[in-house]
Amino acid sequence: MKTVFILISMLFPVAVMAQKSVKISDDISITQLSDKVYTYVSLAEIEGWGMVPSNGMIVINNHQAALLDTPINDAQTEMLVNWVTDSLHAKVTTFIPNHWHGDCIGGLGYLQRKGVQSYANQMTIDLAKEKGLPVPEHGFTDSLTVSLDGMPLQCYYLGGGHATDNIVVWLPTENILFGGCMLKDNQATSIGNISDADVTAWPKTLDKVKAKFPSARYVVPGHGDYGGTELIEHTKQIVNQYIESTSKP
């Protein structure tokens, strides 16, 4: 009987977490991480990779909302924004992309038409201009704290990785880190798309991330399941294995 009770107690938090997940369409699902933070997964076709699930985040404070990354297109982004409005009773006012790729800024055009303010690494802004993509309005170089009606969203550029311009966003009131595509999930075994990566800098960037956010409760990667700080070291192992395999004569 005692064994059964312990097993039920261990499973109960998982059941509670599962109850906080919702599928709002065939290609978008949302999971609540805390009272104010949600992570979403959008499924879309990415050239050369097939159907890919991509993560982003929704942060809520006093009926205002911030999106960290968008789905890959305007249609999915509109669906997500409408869900935030209708289900969370919040207006999306703020957008912060992880880097310049489509699975981060694909819906920026729609957000701009809605008057949403966007904040990005200046490198992301420059790359978006160069490639003829929608361009975020407000840039920073090393770090920027964006206030969501008093709730700090701390943006940091700590170096190149999956992309030369990738950042992380820290939510200090929630102890949640959005690492984006710089980080791999625990099930990942491949380095993935490195067409725009700075592979040499990547391990050093990860060391900075690990040192800066040792207390993160949740760490959310760009693709795959969220976890804890172990994702940082796991990603470093994958990158180092790739570097070693490609440096052999």
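Residue numbers in this text run from 1 along the chain shown.
For all residues, glycine too, the Cβ spot is worked out from N, Cα and C.
Per Swiss-Prot, the features are:
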BINDING   His99, His101, His162  Zn(2+) 1 binding site
BINDING   Asp103, Cys181, His223  Zn(2+) 2 binding site
BINDING   Lys184, Asn193  substrate binding site
SIGNAL    1-18  signal peptide
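Distance from the CA of His162 (Zn(2+) 1 binding site) to the CA of His223 (Zn(2+) 2 binding site) is 12 Å. Once Cβ contacts within 10 Å are tallied over all protein chains shown, the binding-site residues His99, His101, His162, Lys184 are led by His162. Taking the mean position of the Cβ atoms of Asp103, Cys181, His223 as the Zn(2+) 2 site, the remaining residues of that chain whose Cβ falls within 8 Å of it are Val52, Ser54, Asn55, Asn98, His101, Cys104, His162, Gly180, Pro221, Gly222.
In the structure shown, across all protein chains, Asp103 is the one of the binding-site residues Asp103, Cys181, Asn193 with the greatest number of other Cβ atoms within 10 Å. Neighbour density for His223 (Zn(2+) 2 binding site): within 10 A of its CB lie 19 other CB atoms from the protein chains shown. Within 10 Å of the Cα of His99 (Zn(2+) 1 binding site), the following binding-site residues from the list Cys181, Lys184, Asn193 place their own Cα: Cys181. In terms of C-alpha distance, the listed binding-site residues His101, Asp103, His162, Cys181 place His162 closest to Asn193 (substrate binding site). In this structure the C-alpha atoms belonging to His162 (Zn(2+) 1 binding site) and Asp103 (Zn(2+) 2 binding site) are separated by 13 Å. Apart from His99, His101, His162, the residues listed for Zn(2+) 1, the same chain places the Cβ atoms of Asn98, Trp100, Asp103, Cys104, Ala163, Asp165, Asn166, Gly180, Cys181, Met182, Asp196, Gly222 within 8 Å of the centroid of those Cβ atoms.
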